[in-house]
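Enquirer: Residues or ranges marked as active site, nucleophile by TrEMBL: Cys253. Marked as active site by TrEMBL: His337, Glu339. According to TrEMBL, the L-glutamine binding site annotation covers Ser50, Gly225, Gly227, Leu254, Gln257, Asn295, Gly297, Tyr298. Sequence annotations record features per position, and here TrEMBL assigns domain 'Carbamoyl-phosphate synthase small subunit N-terminal' to 6-145. Taken from TrEMBL, the feature region 'CPSase' applies to 1-179.
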Amino acid sequence: MEQTTQQAKLILEDGAVFEGYAFGAIKPVSGGVVFNTGMVGYPESLTDSSYRGQLLTMTYPLMGNYGVPNEERDEYGLMKYFESDRIQAEALIVSEWSENYSHWNGKKSLSDWLKEQNIPGLSGIDTRALTKRLRERGVMLGKIVYDDDNAVEFVDHDLRNLAAEISVKEPITYGNGSKRVTIVDCGVKNNIIRALLQRDITVIRCPWNYDFLKENPDGILISNGPGDPKTCGETIANVRRALKNHTPILGICLGSQILGLAAGADTYKLKYGHRSHNQPCVETGTKRCYITVQNHGYAVDADPLPEDWRQWFYNDNDKTNEGIIHISKPFFGAQFHPEASPGPDDTEFIFDMFLRAMS
Ligand SMILES: NC(=O)CC[C@H](N)C(=O)O
C-alpha cells in the first residue's frame, strides 16, 4: 500500500474530526456521510447514481486491490463494468487503498481513476470508529477539507431533486424485444436496463418527469436513484395516474418508494440506511429469507397503504419495509436491488415475475 503524504480530514456535523491522507483528486467536498459494508464492488458502487451527493465510506479495510476495470461498452452502448458513465459519489473514504492492484481486468489504480474523474479520496481513516459513530448518532453531513476547515460549508444534497439532475433529458430506446417497457430514469443502473434487455424487452428509458403512459408500454419500471423520494413529485403524480390502469409496474429502491408514495404510503429517512451485499429480507407469507443487495437511506412506511396493498418484504435486521405489493393488480416494488451489481443476484427472479405479469 502507498499513501500520499498530503494530509486531509473528514469533519462531521457534530464536530468530530477524522484525520487521514488525501488520494485521488484534491478537492474540498461536502455531503451526507454514509457507510457500505460490502467487501468488494467499489467500481459499481461509485458509479451507482444513488450515491450522488454522498461521501461513501467503505468499512472493509482494503480497497482498490483489484484496480478499476476497462471502459468497454456492450452492444447497447452501456458500460459493461460500471453502473453509469461516471463516478457519482462525492468522495470515497477508506482505511487503506492499494496502488498495486491485480486483476485480469484491472486497467488503472483506484487513485488514478478518482483523479481522472475529479473525485477526492480520503485514506488512513478508522472506518470502524466512523461507522460506529454514524450508527449511534445517525447519518450526518460531513466535509473533506485540507488546510482550510471552512473551504466548504456542510451541504445536504438530498434537499435538491437529484433524480432530475441525473435523469436522461430525452427518451432513449434500447433493443428490439417483443415487449416494450418504459424505465422511468431517476438515475437507473446499467444492470437494470440489461436485466430487461436480456429478457426480450425493448427498453424506452424516459426522463424522470416524462408522461410515460403516452408510450402505451407493456410494463413500467421505476428506477433506483439518489436523494429523498419526496423530491420526485412529478414522477409520483405520473405513477398515481398509472395505478388506475392494469399495466404492470415494478419499482426498484427509489422506484419502490415512489410507488409507495403514489399508492398512499409515506417515506422517512432511516437512522443510518442499508448499504451492503448481505441484507436479509423476509418475504411476507412464505417467510423465505433472501440475501439482498442494498443501497438506501430512506424507507417506506407501509402502514398508511390502502387495504388492497400489503408489505411484500421486510428487513430481518431492523424489521423495516423492503417491498410492497398490490393484492390483485400487477404492481410491486422492491426496496433492495434484484439486479445486484455489485453483490449476489438471489432476487433476480423479480424481473421474471415482472415479465410474467406482462404476458
Ligand atoms: N438505491 C436507491 O434507489 C436509493 C433510494 C433513495 N435515494 C434512498 O437513499 O433511500
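A Cβ is built for glycine as well, from the same backbone N, Cα and C atoms used for every other residue.
Can you walk me through where each of these features ends up in the structure?
Expert: Taking Cβ-Cβ distances under 8 Å and a sequence separation of 6 or more, the neighbours of Cys253 (active site, nucleophile) in its chain are Ser50, Ser223, Asn224, Gly225, Gln294, Asn295, His296, Ala334, Gln335, Phe336, His337.
Its Cβ taken as reference, His337 (active site) is surrounded by 28 other Cβ atoms within 10 Å in the chains shown.
Residue environment of Glu339 (active site) contains 26 other Cβ atoms, counted within 10 Å of its Cβ in all protein chains.
Around the Cβ of Asn295 (L-glutamine binding site), 28 further Cβ atoms fall within 10 Å across all displayed protein chains.
Computed over the domain 'Carbamoyl-phosphate synthase small subunit N-terminal' (6-145), the whole-number mean pLDDT of the model equals 98.
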Enquirer: For Leu254 (L-glutamine binding site), what residues in its own chain, 6 or more apart in sequence, show a Cβ-Cβ distance under 8 Å?
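Expert: Listed in sequence order, they are Ser50, Ala163, Cys186, Gly187, Ile222, Ser223, Asn224, Gly225, Pro226, Gly227, Pro229, Cys232, His296.
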Enquirer: Rounded to the nearest angstrom, how far is the Cα of Glu339 (active site) from the Cα of Gly297 (L-glutamine binding site)?
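Expert: Cα to Cα, Gly297 (L-glutamine binding site) and Glu339 (active site) are separated by 18 Å.
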Enquirer: Just report the maximum Cα pair distance in Å for the recorded L-glutamine binders Ser50, Gly225, Gly227, Leu254, Gln257, Asn295, Gly297, Tyr298, no decimals.
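Expert: Between the most distant Cα atoms of the L-glutamine site, 13 Å.
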Enquirer: Taking 10 A as the limit, how many CB atoms besides its own sit near the CB of Gly227 (L-glutamine binding site)?
Expert: 29
Enquirer: Please identify, from the binding-site residues Gly225, Gly297, the residue with the sparsest Cβ neighbourhood, meaning fewest other Cβ atoms within 10 angstroms.
Expert: Gly297
